[in-house]
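S.K.: I grabbed these lines from TrEMBL:
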COMPBIAS  52-61  compositional bias 'Basic and acidic residues'
COMPBIAS  67-77  compositional bias 'Polar residues'
DOMAIN    99-174  domain 'Bromo'
DOMAIN    243-324  domain 'NET'
REGION    41-81  region 'Disordered'
């Protein structure tokens, strides 16, 4: 084989390699998109309540950009923090009123366990708490303070629950704690509607933000799908061009090859058989590809038609077994490269004119 022929084989092989590299990349992209939509469908199924109404509302919806969503999220968090600060200020008024009660003094500082000789206190009380500690944490400026008004409420209840748990019913401290807890609950109930309203608002805002982000992701993946479609068309075009080049210079099909091809065509489904007839019709305009009965004369077909049929049949039967898709791709690549080599080898043997 001459140097130019070897260069031609290498050139074809490079083109084949490029095509299969593109296919590998496209497969990864397709898997990513497929996984995204699988996860999206799972989420939709898990939150199916009200989905039909939500989907109607989402039609024609304007989807903000990721940058805009980030800006909105920052503003939303800032506004929510201010509203929570106002609720905490109102809670501070309740705490101040409870702290000013004449029976509040035992609960203003941590229990002096050592000074009072309460040796079993920490065995009974898991988490000590007092009103003074709550006040200090509410006023903390170093970021360690309360972030939610319900957390403060839980600690106030803990102060009085601890006192009633450790001190026997009927004792002064138990009675004082019970009385202050009742007064606290009365005042807290007045603030609960505002707290509930804020929590509902935050929940709706978070749901809205998640929905917008989901729509952005879907839009992004829709673009990916379009890009993949374009790339697949490009790969298909290149592969068809390469195949056409190979077919035009291919070796002559042997009698055995023709017999195997005829047997393979006979095993095709009706749909695939019609496609095979369309391939034959490209070089035989008078053939009615969709006729009810068509007799195919393999020996009468041109070499290019025979090899196109051969490629098509291989595609059909290799595609039937997805579990061996990777092996089929390697095998297909090898067949193309071998065909190229045989073609060039054949050309090199022709006597020069």
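Note that Cβ sites are derived from N, Cα and C of the backbone, with glycine treated the same way.
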S.K.: DSSP-wise, what's the residue breakdown of the compositional bias 'Polar residues' (67-77) into helix, strand and coil?
M.R.: 11 helix, 0 strand, 0 coil
S.K.: Helix, strand, coil residue numbers for the domain 'Bromo' (99-174) per DSSP?
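M.R.: Helix/strand/coil tally for the domain 'Bromo' (99-174): 37 helix, 0 strand, 39 coil.
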S.K.: Mind looking up the mean pLDDT for the domain 'Bromo' (99-174) in the predicted model?
M.R.: 94
